Structure formats: structure tokens, C-alpha cells
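Database features (TrEMBL):
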ACT_SITE  THR196  active site, nucleophile
BINDING   ARG224, VAL225, GLY226, ASP227, THR246, GLY247, TYR248, GLY249  substrate binding site
Amino acid sequence: MTLENITEQISIVVHGGAWGIPDDEKEGCLAGVRTACQIGYDILNSPNGSAIEAAQLAIESMELDPIFECARGSSLNASGYLELDALIADGKFNIGAVAGIRNHLHPVRIARGVRDKTSHILLTGQGANEFANLIGEKEVPNSELVVGRGIQMSEKMKNNENADNLSGLKSDFDSVKVHSFSKIKGQPAVDFPSDTVGVVCRDRHGNVAVALSTGGVPQKLAGRVGDTPLWGAGGYADGHFAAASTGYGEDLIKAVMAKSMVDRLQQIEPSQKSAQECALKQVEHFGSKFNGKGGIISIDSQGNPGIAFNTPRMAFAYRVESDPRGYVTGIEQEDIPKY
């Protein structure tokens with residue numbers, strides 16, 4: 001089949017995490033999601049460009065960018081080391097994920113390896129690291145990963161009054177408070193980085209893909225796994241629909257956020273307006289039922305984007321082939337698409 005015979009519209013949506021992004025990081029986050037979006041779109045627009053390849057390489061660009069909370073730029077956990085998670089999948093339920101990866105620049109590559117080279121879906125901890133070495137992914141020292149904001153966040157968390165001495169675990173678990181897991185007035189804290197970056201995209205054959213990567217919330221308890229590598233919570237794709245979530249992972253898991261978003265899309269006629277309305281309704285439901293803080297990106301069966309969040313900010317970028325504006329970026333609530 002030649003490109004001339006393929007009529008499916010290509011599209012891609014990228015997010016850089018939903019949280020209270022400070023003013024001095026806005027431009028860096030916007031530049032990072034735009035770069036990832038361009039990388040992914042260029043692949044989709046190339047001969048034989050596939051959605052899965054576009055999603056992976058878009059995520060890899062953000063894993064290398066210390067402005068984001070994934071791979072480079074990640075924060076240490078409460079025990080003083082990194083644990084990284086990732087997921088990548090297509091709409092045919094070919095899924096790969098890893099959790100608790102240590103000292104690797106590209107967790108999404110390892111997740112892709114799980115998807116392509118094993119019959120498993122999720123590898124964790126030591127087993128995931130052994131698999132990474134087996135497929136040739138080289139370990140790097142913490143100094144290559146804990147950089148920029150990662151260093152700042154780790155130091156800030158050490159001094160935070162909520163980061164109590166974890167020795168309390170030995171006698172009274174309920175007395176242990178870690179800021180990232182505490183809730184203020186019933187709301188998850190949003191002044192610390194969201195634990196995910198994500199991509200959804202569609203190629204010329206109508207295939208869709210979803211990919212996510214995370215360094216996890218700062219000072220999380222060792223072994224904590226959030227929504228990112230969990231199918232249906234962090235990412236989900238079914239047929240020609242895909243979604244990726246971001247925010248407070250524990251609540252995203254409760255909501256099965258990404259699958260719920262895809263379920264909504266599958267129940268309506270595809271259009272720009274309906275895709276966006278579904279995203280807004282999903283986030284509204286997430287906030288009202290689960291008191292959750294976060295966001296969602298999605299594409300419907302025609303490649304129409306959905307983007308919504310209820311945190312102060314979420315950096316995003318998208319491009320739809322039929323949209324004459326080309327690349328569109330945003331970070332504020334007022335930047336959310338309106339139709």
C-alpha cells in the first residue's frame with residue numbers, strides 16, 4: 001500500500017503533567033511538549049510511520065528533558081533512590097509496562113521491550129532492571145537523572161515538615177506523613193510535580209498508540225506504583241481510541257481514568273466538539289466523584305483531540321493533519337480547545 005492510497009488522518013496529543021507549574025517553568029514546559037509533538041508528528045507523516053514508534057520517540061524526548069518529572073529531572077523517593085515507571089501500547093492490546101526501574105534514561109524503551117519481546121505486560125523492580133540489561137539498555141548513574149528540578153525537589157522534600165522520619169513505620173504506620181501523599185482540606189497537593197508525561201497518536205492506517213513515563217511523586221514511599229504503568233488507569237487504547245491521564249495517581253487508579261475516557265468516546269459520534277466535551281466531562285466526573293486532581297488527553301476514531309485538566313496548569317501540544325493552525329500548544333485553563 002502506498003501513502004497515496006491511505007486516507008486516514010494523522011494526529012498526536014502530548015501532555016507534560018498536570019500540576020501547579022510555576023511561572024518560571026512555563027516556557028520550558030511549553031517548549032518541551034511542542035518538541036515532543038513535532039518529533040511524533042514527523043514520524044506519523046513519514047513513509048511507513050507508525051503510531052507506536054511516534055508515541056515512543058515523543059516520550060523519549062521528554063525523558064531527556066529535565067523540565068519534566070520523568071527519567072532526567074525525576075526526584076528521589078523517601079529511601080533516597082529513583083524508581084521510574086512507563087507504559088506503551090496500541091489499540092490492539094499489545095501492551096508493555098515497567099515499574100520501579102532504576103538508573104535508566106528511557107523507561108519507555110524497556111516497556112516497549114516488554115511489549116515486543118515477551119508474553120508479559122508488566123515487569124517490576126529487580127526483574128524489570130534485569131530485563132533492561134538483557135535487552136541492552138545501559139544503566140546510568142543517579143547524577144545523570146537527578147538534575148535540575150529533581151535536585152531542587154529532593155532538597156525541598158527533605159526539609160518539608162510533612163516528610164517525617166520514616167522510622168515511624170516500625171511502630172505506627174498511621175503517624176507517617178509524606179507530603180506527596182497527604183491531602184490538604186481533602187484535596188491532593190498540587191504544588192509538587194505531577195508524576196506523568198503522556199502521548200496519544202494516530203497513524204495513516206488508523207492505528208492508535210498511547211505511551212507514558214514517570215519518575216513518580218517526590219519522596220514517595222519505596223515500592224509505590226502510581227497510575228502510569230497500570231493499564232486502564234494511566235493509559236488505555238481500544239481499537240481507534242486512546243487516552244492518557246496525569247495527576248494524583250492514587251485517585252486516577254480509583255477512577256480507572258484512561259479507560260473511562262475511552263468508554264465515553266466510544267459512546268458518541270466522533271467530532272471535534274464531542275471529543276473535547278468528553279474530556280471535560282471526564283475530568284469533571286473525576287473531580288466530583290473522586291475528589292481527584294489531574295488531567296486527560298485523548299483521541300477519538302477520527303483523530304480528534306480531547307484535552308482537559310482541573311489543576312492550575314497542564315502543558316500540552318497537539319497537531320491534527322486537517323487543522324490549518326499546525327502545532328497548537330497551551331498550559332492555562334483558557335488554552336483548552338473550544339469548539
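Each Cβ is built from the backbone N, Cα and C atoms, and glycine gets one as well.
Automatic prediction, not curation, is the source of TrEMBL annotations.
Once the Cα atoms of ARG224, VAL225, GLY226, ASP227, THR246, GLY247, TYR248, GLY249, the listed binders of substrate, are compared pairwise, the greatest separation found is 16 Å.
GLY249 (substrate binding site) sits 9 Å from THR196 (active site, nucleophile), counting Cα to Cα.
Residues within less than 8 Å, Cβ to Cβ, of THR196 (active site, nucleophile) and separated from it by at least 6 positions along the same chain comprise HIS15, GLY17, GLU69, CYS70, LEU212, SER213, THR214, GLY226, ASP227, THR228, GLY234, ALA244, SER245, THR246, GLY247, GLY249. VAL225 (substrate binding site) falls outside any helix or strand according to DSSP and counts as coil. Annotation for VAL225 (substrate binding site): same-chain Cβ neighbours under 8 Å, separated by at least 6 residues, are ASP85, ALA99, GLY100, THR124. All protein chains shown were included, and the count of other CB atoms within 10 Å of the CB of TYR248 (substrate binding site) stands at 29. For the binding-site residues GLY226, GLY249, counting C-beta atoms within 10 A of each C-beta gives the highest total at GLY249. Under DSSP, THR246 (substrate binding site) is assigned to a strand (E or B) in the three-state scheme. Local packing around the binding-site residues THR246, GLY247 was summarised as the count of other Cβ atoms within 10 Å of each Cβ; on this measure the leading residue is THR246.
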